[in-house]
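> Structure provided below as structure tokens; questions to follow.
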Amino acid sequence: MNPDALLIVALVVVAALLRFAGRDWLAGDFVAFLRPWSRYIAAHGYFASMGDDFANYNVPYLYLLSVLTWVHEHTPIPLVYLVKSVSVGFDAVLAWYAARIVGLHRPDRRIMALAGVLVLLLPTVVLNGAFWAQCDSIYTAFTMAGLYYLLRDRPWVAMALFGLAITVKLQAIFVFPVLFVLLLAGRIRVRHLAPIPLVYVLAAIPAWLAGRPFRDLMLIYADQSGEYPALSMNAPSIYTFIRPRVEVIADFRTVGVLFTAAAVLLLAYVVLIRRIPLDRERIVLLAASYSILVPFLLPGMHERYFMQAEVLAVVAALYRPRRLWPAPILVQVASLMSYLPYFLGGNRPQPLDFRVLAVLMLAALLLTVWQLLRPAPLPQVNRLDETAFLAPKQVGNTIAA
């Protein structure tokens, strides 16, 4: 076997073994939320339970949980294995599309395989699904797939995938400002955005048919907005530097949302006013920038909400390895360290001051935005051809008769 292929296979096996090691780890979120939801689904007729308001997730994930619950009730497979297997499966989808996006810029199978393996081996990606039983890899896989087809100039497919992403979790919108920029630049049309709300509505129809009020289904995310009143839920964000009194936290949250919106618009304005060429490379850099910027500035973020940033930082670094290689390291260190308080237990001291983690994330953001906005490098000139390059060029019509 080719040594490169052997190495890739070995790393994939390592990634699989790491996930297998977490199969029995019962996270607090699984015990407190997913398992009770599953029991409710089983006790209320599986699909029939979709008409009830018993969970704080959007209904597409609950459809999936209903299927997993049925399998669990009719087989000896533990529910936690089933839930984690779905997240692990989407880890693979996520890695696949990360590799495909890199392949659009560097169509070398070794580089593409490296991209996929790097994503599979990101510690936070391993921990999120295989240990924590979270579903962040699901919506991130859909956003990465949407980005891939957007770069392939297939906007209808891309928007349908973005629509699927947002039906899983609202955090998928962290990369949606890219669509706003492309819309203003004339790269996509308003009609291309139609699949996003259409998919969202279609995904709600089964629950509506089961008896859930349509208004509730459309406003699930709005109702969730005040669920966690804190400025930060262990996220390495700007709010690690802010410790306001409890009575003014709501005001800080409002200001934070407005400030985030202003920052999103400002970056879009700078990209457009400077006429940054929106080629594939710049679109990837723009997506990476927004995937860090939005959760960094938005209040009420969990540490898990940087998953899109973690993956896109790897992809962006493989687009510009010489200049962006520190970005995925900075993002990963900040994210991984922010995971540790949850995995180590709340009573233990934090391994690192969260303000340091926020600085690392800010450094990754500034580096990525700088690469996005800096002028394109001039074409390299071979020294042997310098005289020809500097020689006067023929002007006028040079088309042969």
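Using the three backbone atoms N, Cα and C, a Cβ is placed for every residue, glycine included.
TrEMBL labels come from automatic prediction, so no person has curated them.
The structure displayed is predicted, hence computed values, not measured ones.
Got these off TrEMBL a minute ago, pasting:
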TRANSMEM  79-99  transmembrane segment
TRANSMEM  111-133  transmembrane segment
TRANSMEM  156-185  transmembrane segment
TRANSMEM  192-211  transmembrane segment
TRANSMEM  252-271  transmembrane segment
TRANSMEM  283-302  transmembrane segment
TRANSMEM  324-344  transmembrane segment
TRANSMEM  356-373  transmembrane segment
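Can you tell me where each of these features sits in the structure?
Long-range contacts of the transmembrane segment (192-211) within the same chain: residues 47-52, 58-60, 62-63, 155-156, 159-160, 162-164, 166-167, 179, 183, 217-218, each at least 6 residues beyond the stretch ends and with a Cβ under 8 Å from a Cβ of the stretch.
Note on the transmembrane segment (324-344): residues 28, 118, 122-124, 127, 131-132, 234-236, 288, 292, 303-304, 306-307, 309-310, 313-314, 316-317, 350-352, 354, 357-358, 360-361, 363-364, 367-368, 371 of its chain, located 6 or more positions outside it, place their CB under 8 angstroms from a CB of the stretch.
Beyond the transmembrane segment (356-373), the same-chain residues lying 6 or more positions past its ends with a Cβ under 8 Å from any Cβ of the stretch are 236-238, 240-241, 267, 270-271, 274, 276, 282, 285-286, 288-289, 292-293, 296, 306, 309, 313, 316, 320, 323-324, 326-328, 330-331, 333-335, 337-338.
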> Out of 111-133, 156-185, 252-271, 283-302, what stretch is closest in contact terms to the transmembrane segment (79-99), meaning most Cβ pairs under 8 angstroms?
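The stretch I would name here is 111-133.
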> Sort out the residues at least 6 away from either end of the transmembrane segment (156-185), same chain, that have Cβ-Cβ distances under 8 Å to it, and list them.
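Residues 57-61, 135-136, 138-140, 142-143, 145-150, 192-200, 203, 221, 224, 264, 267-268, 271-272, 278, 283, 286-287, 290-291, 294-295, 305, 308-309, 312 contact the transmembrane segment (156-185) from elsewhere in the chain.
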